[in-house]
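Annotated in TrEMBL:
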- 27-44: transmembrane segment (TRANSMEM)
- 31-522: domain 'Major facilitator superfamily (MFS) profile' (DOMAIN)
- 116-138: transmembrane segment (TRANSMEM)
- 144-172: transmembrane segment (TRANSMEM)
- 184-203: transmembrane segment (TRANSMEM)
- 209-230: transmembrane segment (TRANSMEM)
- 324-345: transmembrane segment (TRANSMEM)
- 365-384: transmembrane segment (TRANSMEM)
- 391-410: transmembrane segment (TRANSMEM)
- 422-445: transmembrane segment (TRANSMEM)
- 457-479: transmembrane segment (TRANSMEM)
- 499-519: transmembrane segment (TRANSMEM)
Amino acid sequence: MAVRGPPGIRFLQWLGLTPCWDRQKVYQLWTLFLTFLCYTSYHLSRKPISIVKNELHKNCNTTQNNTNTANCSSWKPFDGSDYESLFGDLDTAFLFAYAGGMFFSGHIAERSNLRYFLVLGMLSSGLMTALFGLGYYWNIHTVAFFVIVQAVAGVVQATGWPAVVTCVGSWFGKGRRGFIMGLWNSHTSVGNILGSLIAAAFVSEAWGLSFVVPGIIIASVGILAFFFLITEPKEVGIVMEDKGRKDSYTVQADGPTQHIPLCERCFNEESETETTEVVPEVASLPVVVADSEPLLGEEIKPLSGGPSNPKAISFLGALKIPGVIEFSMCLFFAKLVSYTFLYWLPKYIKDEEDYSPTVSGDMSTLFDVGGIVGGFLAGTISDFTGGRATCCVVMLVLGAPMLYVTQVVFQTKPSTSTAIGMLAALGFLVNGPYALITTAVSADLGTHKSLKGNAKALSTVTAIIDGTGSIGAAVGPLLAGIILNKAGSEQRAAQWDNVFYMLMASDVLACLFLLRVFVKEIKGWCTGRCFEQETSNVT
């Protein structure tokens, strides 16, 4: 069966508009950009609910910009004293549906056309996001409507992550995966920032537009992906050869020289070559070997033979890959912390600083700005050191005391500049491990040597890790809502303290689950130094 590329790319080829320089680099960069755009739109469409909460239930006594109580009315049914419990129901409906959908989406993605799967999910997500906002124009005041829309939105949003990670993983090898994916994973924070700014722009005038506009955006990007997303190299006649990781060292003793990967003891990885056959129907496409070094140390190499059809890995088989369970449980607690801030940070800022909903939403974006830097540096440093778990543990160890400091400082009504620095530093430490695990670690484990080059396993491994993390993402906002719902207006500060204690405990537990892998990485480095010392002594 012929492999057919996206219609937009085929149309450009028909017009003769093909890349005039290294095709591999062009398609790598294009895939990186388009998948970045796709998942940015996913997060952009998730963010409005956290901004609109302050408009659905207004606190007219504390909000400075709402001094006219005649214009200060909450949206039924969120106008009662149980509004925080109802907000928790909305978050829970979305996040538990998302977590459940994540486990199935990886299984489905491996067995379907990845581009169709992603586009269908984006169009459906756009519809559900816009539908929530239409409740404003249709004057809907029934909790069931909003809960059902959120639950369906959670299921269709689960299509995004396994699809985009698999696309990127098929184009990029392990050599600088942490650096590339750390930079690429900033789509999460960029989407949160844009979603916050777009929602905040409309929230005070017509909060329905805070959902309708993001819904239109994600649907539009989905249409762009349908025409131009190249899910794997063979669609454009390219065959990738992964030369393996470069974080290795050479040992020269009396016998032959040995080349030992630095993290071989951590994940039992070995340098291996993964090849994909060119499908005969697209083999006529020009395959040009670049004179310069490819973007990530891979090369285009034409191979002979028919297409290979590896079988998709089972769920239990993926769980047996070393490191999958540990990183999954770590992500459970790391994502619990991150998503609690995602859904409740604007509300926390408003309660502590008495800002308007618009200003609170804008301030919350600073957390995501710090997350961009944290994810990028975590990936870069883990590439250089070969220690994915070590980077996560260090940031988690620093994250717990940073949570406590933030809690104490915000109780003193800090200046705007101090609040900005605290939120950015907190985002750096909280989102760094989360970003690293969901991208580079998932891709590393999804291409583990025990899979023998089976690229189809990447979707399942990614779905397991992120699905487990998504359960934590659902539990965090739910617990925050329950804790805050127990407090009256006089006790709100004390209940926010309890939320932060929960987040600190989760941060510590995330760190504990990585201890075994962390110790193995340290032993691997010690072994490497011993070899280097022995080599220098022999010399």
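The backbone N, Cα and C atoms fix where each Cβ goes, and this holds for glycine too.
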State the residues, same chain only, that lie 6 or more residues beyond the ends of the transmembrane segment (324-345) and have a CB under 8 A from a CB inside it; answer 'none' if no residue qualifies. 46-47, 49-50, 91, 95, 192, 318, 364, 367, 371, 389, 392, 396, 399, 403, 423, 426-427, 430-431, 433-434, 437-438, 441-442, 445, 461, 464-466, 468-477, 479-481, 499, 503, 506-507, 509-511, 513-514, 516-517
Chain residues outside the transmembrane segment (365-384) and at least six past its termini with a C-beta under 8 angstroms from it: 176-183, 185-186, 188-190, 192-193, 196-197, 247, 338, 341, 345, 390-392, 395, 420, 423-436, 439-440
Could you check whether the transmembrane segment (209-230) and the transmembrane segment (499-519) come into contact, where contact means at least 3 Cβ pairs under 8 Å with the two residues of each pair 6 or more apart in sequence? no
What average pLDDT is reported by the model for the domain 'Major facilitator superfamily (MFS) profile' (31-522)? 79
Check for me, if you would, whether the transmembrane segment (144-172) reaches the transmembrane segment (499-519) - at least 3 Cβ pairs under 8 Å, residues 6 or more apart in sequence. no
Considering the transmembrane segment (499-519), which listed stretch of 27-44, 116-138, 391-410, 422-445, 457-479 counts the most C-beta pairs under 8 Å: 391-410
Contact set, same chain, for the transmembrane segment (116-138): CB under 8 Å, 6 or more residues outside the stretch: 38, 41-42, 45, 48-49, 75, 105, 108-109, 145-146, 149-150, 152-153, 156-160, 163-164, 167, 206-212, 214-223, 225-226, 229
